[in-house]
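Chemist: The domain 'Amidase' annotation in TrEMBL covers 34-487. As annotated by TrEMBL, active site, charge relay system applies to K76, S171. Taken from TrEMBL, the feature active site, acyl-ester intermediate applies to S195.
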Amino acid sequence: MLRASLRQVSAALKEGRVTPTELCQQCLSLIKGTKFLNAYITIAEETALKQAEASEERYKRGQPLGVLDGIPVAVKDNFNTAGIETTCASNMLRGYISPYNATVVQKLLDQGAVLLGKTNLDEFAMGSGSTDGVFGPVRNPWSYSRQYKEKSVPKSHSEDKESNWVITGGSSGGSAAAVSSFTCFAALGSDTGGSTRNPAAHCGVVGLKPTYGLISRHGLIPLVNSMDVPGILTRCVDDAAVVLGSLAGHDPKDSTTIQDNFKPFELPSLTDVSKLSIGIPKEYHVPGLSGEILALWSKAADLFQNAGAKVLEVSLPHTRYSIVCYHVLCTAEVASNMARFDGLEYGHRSDMNESTESMYAATRREGFNDVVRGRILSGNYFLLKQNYEKYFVKAQKVRRLIANDFVKVFRSGVDVLLTPTTLSDAAPYKEFIKEDNRTRSAQNDILTQAANMAGLPAINVPTALSERGLPVGLQFIGRSFQEQQLLTVAKWFEKQVQFPMIQLEEVKGHDRDVFQHKKSASFS
């Protein structure tokens, strides 16, 4: 049952083939069995079982709240959850319990979803590996898959166990690992520059970043207010559409959300793609893109063309400036947002009491890691009076040019853009940490952050396994607020490629048979 899709499990719950409590217990058991992945920071076992029992009562009365009733989900630990610790994987918020739920969390609970716990991340979502949080790095479930183990050749058995594992990507690596390892059916991430799509690509799951303003940010601890979007991680495109339907729409607590009512939709099974126009942005052929991913990208374009779609090369000329522009805007907003963590109202407070200034300084030194402090320093530099016009204002102007590039391409008749999501498959942890966080983020956000700066919807679809037996995904970028079209195209592509299901072997205290099922791979 754990390997089924969200819709299939929902049907099984309605038919009484499984109860919400049984499902919840299976997931909690598996979370314990895969503890070595470090995907979760907090497991809300008691709360989850109470929610499952309430769901069970509703099913007995024949009054389920909807498709999500009784479905186990997980939430990235930068969304506020009432009664459950919210840490942002930082010493600054360790022990903090919010008095309210983020809007997206509340919407899940209102639909009857069962919240299993909070997932691991890079501290304050600043990173692209899920390696820089205070609770340690997240391990990619595919490190322990039969597919990867058959291809990797460790020097010794001990090295295989201790250092041959690969990263999940980030910063929503815990959520991606949780979905990939079958411990939940859907998870929330956040996406500022690719933080949902990047780990989705590395963990072989679907990662959706909706249009900016379609989903409320209220209760998401902000990184970059003008780019942050709650992201959705699931095992198939259909499931992402279900979760989106439950979360989208206006929120009076978030003035940036759309005013119009959002109508949930069911994705049609597209059979004719001849009316589709797929754009291939030439600027996404960037230095560092692996030959393997380039070949996969080309093969995907051929797949659409052979099915009758119009595939054409397009240009987004200001893309080459986007990563630098993103860095300036990101750090400037980080500096502003992190100012609230001063040791006075909530969070960590230093014992230093010589003066208010020394207490501030000590609190921030003790509470933030080097990555967060570094971004705050950069942002404050860009916001200095003598630098403001030169950096921040100029970056805002370039951001408008980047957004206009997308507008022009979509106005030319292109429906959806097809690009790589990442430069390569997941890096081994020991290789990944040789580079500093800033360098890694600049490399790993290069293909994803432009969609955030333009506010456009984008989705990662797992596409094939690399030569090393690790997942590789491709990204589709759609028109603003045209999620239905974007997801319909993604669903068609997903059906064509038939991405294989993980065969996870290293499971402690759980039935291994859960992981042995797989689809046939026809696209590699």
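Just so it is clear, glycine is given a Cβ too, placed from its N, Cα and C backbone atoms.
Mind mapping these onto the model and telling me what they sit next to?
Modeler: Listed in sequence order, K118, T119, L121, A125, S172, G174, S175, A187, L188, G189, S190 are the same-chain residues six or more apart from K76 (active site, charge relay system) with CB atoms under 8 A from its CB.
The Cβ neighbour count for S171 (active site, charge relay system), using a 10 Å radius and every protein chain shown, is 38.
Here the Cβ of S195 (active site, acyl-ester intermediate) has 39 other Cβ atoms within 10 Å, regardless of which shown protein chain they belong to.
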Chemist: Work out how many Å separate S195 (active site, acyl-ester intermediate) and S171 (active site, charge relay system) at their Cα atoms, rounded off.
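Modeler: Roughly 5 Å, rounded to the nearest whole number.
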Chemist: Pop the mean pLDDT for the domain 'Amidase' (34-487) in here, whole number is fine.
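Modeler: Across the residues of the domain 'Amidase' (34-487) the model's pLDDT averages 95 on the 0 to 100 scale.
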